[in-house]
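Comments concern the structure below.
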Amino acid sequence: MAIEHTFSILKPDATRRNLTGAINALIEKAGLRIIAQKRVRFTREQAETFYAVHKARPFFGELVDTMISGPVVVQVLEGEDAIKKYRDVLGATDPAKADPGTIRKEFAVSLGENSAHGSDAPETAAVEIAQWFSGNEIVG
Ligand code: DAT
Ligand code: MG
């Protein structure tokens, strides 16, 4: 397996409850390296662009509202098989179905407020990273 980069967001429900350090500890414990990180606030337009793939879904409006409800921490994670590894660390989208020890099982409030995002494929990881980081902000 190759060294990959993936894009992560610690969502507003996580920053609100002061959980960024606790979540980063799980990320690092899994062997992923945080090689870029900044705290930002998504505009409505940025959230709509980021989640454009879900535009037709009934929860889209709620999803965008949730993502702009507070600051987020955007990150680039590096590691062996990083995309799948981080999805495993996140756990299932619905925290009620997530395995013990995963970020979503330990920290999520609900399906809509599930604490963190991780890219689902190399193509989406590249697009999402480029949306939020310039090359000189990523220090591997
Ligand atoms: P994931 O974040 O695991 O990649 P996704 O891409 O299917 O999941 O959905 C993006 C986010 O939208 C998800 O993290 C939480 C929210 N969401 C998904 N399904 C939902 C639903 N049925 N009701 C409310 N929010 C939902
Ligand atoms: Mg997704």
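Glycine is no exception: its Cβ is also placed from the backbone N, Cα and C atoms.
Please treat TrEMBL annotations as automatic predictions, because they have not gone through curation.
Of the residues ARG44, ARG104, TrEMBL puts just one in the ATP site with LYS11, PHE59, ARG87, THR93, ASN114: ARG104.
Here the C-alpha separation of HIS117 (active site, pros-phosphohistidine intermediate) and LYS11 (ATP binding site) works out to 7 Å. Checking the binding-site residues LYS11, ARG87, ARG104 against ligand 1 with a 6 Å cutoff on the Cβ atom leaves no residue at all. On the 0 to 100 pLDDT scale, the model's mean across the domain 'Nucleoside diphosphate kinase-like' (3-140) is 98. ARG104 (ATP binding site) carries a helical DSSP state (H, G or I).
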